Amino acid sequence: METLVQLWNEWEIHLLVLLSFALQLFLFFAGSFRPRNTITFVRLSIWFAYLGADFVAVYALGFLSRQQDNSTGEMNTLKETHQLAFFWAPFLLAHLGGQDTITAFAIEDNNLWLRHLLNLIVQVMLASYVFWKSTGWHNLQILVPGIFMFVSGIIKYGERTYALKCGSLKNTEGLPPRGNEKQPPDLRQDDMYLGVVGFALRSAPVVRNFFAGCNLVQFMATNVDYMCLFGELDGRQLLLKIEIGMLYDDLYSKAMVLRKRIGLILRCISQISAVVAFVLFIVSNKQRYRRADIAVTYVLFIGGFLVEFCAIAVVVMSPWTWGWLESRKCHKLARICWLLLSNNIRRLEKRMMWPNSMGQYNILNYVGFDQSWLSKQIQMLIRMTANIFGAGKERHLWVSKLLDSKSIQVDREILQSVTQYVDGVHSELTSDGSGRPYHQWPNLHPLLEKLQSLSMDDFGLVIVFMHALTEVHLSTYNPPGDMAASIGVCRKLSNYMLYLLVTHPEMLPVTGSVETTLEYFVTKVTEYGDGGKDTIMRGIRKLLEDLMDLQAIQPNEDTLQEIRDFWLRLLLFAAGKSRGETHAAQLAVGGELLTLTWLLMAHLEMGDSWPLRIELGHAAGTMSPDIAYVFPNKSGSNP
């Protein structure tokens, strides 16, 4: 045992420093694909690495400072066995500066940038103490490269704090002066990528203001026309994904810092200092130091340079770099940058950049069916805990949404349905402004009228009842036959809206408790029978039959199209009522289809922040020409 303890004491600082570097290496590459990854294990791994990286670096600095001041009768480990350890303090500062691809894990980290500034001051003072205590027993050949590395480490740490400040939506500046901006060129199919990226660059400050909650009407004069033009060329979805991706980089990485002149100057100084430190370290006399210490130092140097090289490649492939080179007439360099950028866009487009997944949750999961095995076991444990301690029922939904929610890929058909329906509602509002009258819901008319009277004041109930109605109706298509595609779209949209209600109610215009809404519905269903899955489905059907005439809707393609359109109407209503801050926060975990819908509507001046709005219905019996209604006016006459 004593041998193991002695071995650990001898190699502890090496392991801590190498672990700190390994965590930074993982964060750099994980940060690149983080927004497009929905696997829970990967997200948890990034979260643990994000928290652990700071903890390990701070602990290692504390370890170094404690050992440097160890002047008691105990053996001074670093002075006698690891004399080069003091040289690693600047590297730990650089590690605390994080990686270019991830500075904030959540939007709240940006708002706490002052706390990170305080940490910066404390850790720099601690590293300075370590360095100062080592000046008496090292020659200048080692101290000088250490000073250069110290400068690099402080700058790297400062970059992270500055990036957090820039990423805070509270620090969003107003719309910059328009000046004499060059308008996008005449677009053709062969240069659609060029036009999309150029427009995304010019609209980036406006998009950030959208997410910060600013209403910038002065920008929208030509915006709507160009959005319609991109729609004709099938480039609008790509534009929205690029805009969301660029905003993610500004909020959660160092992209915004590296676009500022001061950021570029400091980055150059940091890299030059690191290179000078490396060269001086190579030519210095290192005979008095242990080979293991020298090897660790070389690993930190070379590994850091490799990461920086990869970071430069990421910057080169940024749309901002191409735009900067074009604006300065560096056409040859711009063409090289564009070659890399366009190939990257095509590759990411095939992988469905933003959003690349949509959540799914079914009411049967909540009532205990179609659950995963793990979910059933945990639910059983919760019920046992509730019986013993009289608690745990409120955890039922939390466990169910955690274990039973799943993600599916957002296919092109879903995106096409959303964008086309947004166009339709926009045309509806800018033409006759009459909203969608009842005669345009010929199949769903009686059900929508009854649903409106049941749940007009509770959007959560609208989603739950419509979800149940969709499940019951889709079960009549057996086998689905030629209508399989339409059935699939209806079910995906239905499950997605219930998923939003269960997992992200803050993104929806709901006022009551989600648990109360679901419990109310389940209580009503169990009055008609509480048993197996088939019994529950029959109970849902009987409940709906008592509330509305299910026989009024026939299983055909037209009915499926109306169900799909109604879900899209609800999606647009929810998007129009949502706030930009919630969408910005959601980008940290991959974004939502609701976010893409909200941003498209903002570009077209639709939503509660704009003149063109969508409401559930109008109780006063009059209809505004600037408002589209989910439930049309009851008093409106059918032509």
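Every residue gets a Cβ built from N, Cα and C, even glycine.
Listed features, source TrEMBL:
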DOMAIN    47-366  domain 'DUF4220'
TRANSMEM  13-33  transmembrane segment
TRANSMEM  45-65  transmembrane segment
TRANSMEM  85-106  transmembrane segment
TRANSMEM  113-132  transmembrane segment
TRANSMEM  138-155  transmembrane segment
TRANSMEM  264-283  transmembrane segment
TRANSMEM  295-325  transmembrane segment
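Counting Cβ pairs under 8 Å that are 6 or more residues apart, the transmembrane segment (295-325) and the transmembrane segment (85-106) reach 3 or more and are in contact. For the transmembrane segment (85-106), the neighbouring stretch richest in Cβ pairs under 8 Å, chosen from 13-33, 45-65, 113-132, 138-155, is 13-33. Note on the domain 'DUF4220' (47-366): mean pLDDT across this stretch is 82.
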